[in-house]
Amino acid sequence: MSDGEPARIGVDAAAAAERDTVPAQSRKALDGAGSDGAVDGAAAGDGGGAARVVTPPPARMPLDARVPASVLDRAADSPARADSPGHASGSGRADGAGGPDGAGLGGGQRWRTPVTWKVLLGAARVVVWPVARLRVTGALPERLRGGPVILAVNHIGPFDPVAVTAACRVARVAPRLMATGGLFKAPVVGAVMRASGHIRINRRQANVADAVDDVTRALAAGSHVLGYPEGRITLDPGMWPERGKTGLARVALATGAPVVAVAQWGAHEVAAWGGFGPTVRALARALVRRPVVRVHFGRVVDLGGIEPGAPGAAQRATDRIIDAITAELRELRADEPRLPRYIDPVRPLTVQRRHRPSGR
């Protein structure tokens, strides 16, 4: 949100709709797979060395790249939404919601956005305004709004979930978040997460496959689902997306739901990676400087030619998703092509999970 005026979407939704795919319909449930890509409840990392030589990210794909025929071939029209006109579409609560956190739905019921989540989407813009100037570009095409969509976002700091939530409000989407189990255990936050209909991800536990099933059912109900394919805040020295976890890609391949690459930049200047003192200092600095935080809703990722269940399919799909996010991010930070100008002094650095272009 800019000074004295509301944030605006920088790309006409109708033009975006013309070049993007129609929503895909759910094809089958995923039979037991690992999952990641959740909103982090606390910063975590490898604690690797502080290497400072960064390989430049892959070359930017053309901005006017159209949705490949392979994506269109897999797509099918989605049933009309049950959301009321004027409400943010893409997720919500339906009568008879099942599953532990309200994540699973059955009987073909359509998801309706819970009131709690609608309120929080608006509140996020209020929270962002004192500490940052939000700039939202791109748009989710109208033809994608009525059906299942996966929003895949890069993760650069503990504040970016708030910034991305505010951007979703500007873009008129209300995705259900894939969030780590720790958030659901917190006394107040957990109750809010459950009331908002978000999806709990318990990493490194036997029931992680249940979370994948919950995401699959959420998509079958017409929800938009947002997750971080990296599975953690990036520890890459250049703050480029790291090699991703395969959870989001597995769900996308199993359901046929389109994946939209969302890039964001600037939120790392608002809150530190960890520690009370560094976080307070970062927030104080942000209150004075109000750094620009950019969020861009980008292209639909081409997952064509990847056969679900084939050896290595999930990793190939994940690599394409990270490639697409990196390409969008490269445009957002064109004036910071290698190292970021602002470096969080407490964020650990490692190149152990550096992403390498897929080469398709």
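Cβ atoms are placed via backbone N, Cα and C, with glycine included.
It should be emphasised that the depicted structure is a prediction, and the values quoted were computed from it without experimental measurement.
What TrEMBL records for 31-43, 77-92 is compositional bias 'Low complexity'. Look at TrEMBL and you will find 93-109 tagged as compositional bias 'Gly residues'. Summarising the annotation, TrEMBL assigns domain 'Phospholipid/glycerol acyltransferase' to 149-267. The region 'Disordered' annotation in TrEMBL covers 1-63, 76-109.
Residue counts for the domain 'Phospholipid/glycerol acyltransferase' (149-267) under DSSP, split into helix (H, G, I), strand (E, B) and coil, are 46 helix, 26 strand, 47 coil. The average per-residue pLDDT of the prediction over the domain 'Phospholipid/glycerol acyltransferase' (149-267) is 91, rounded to a whole number.
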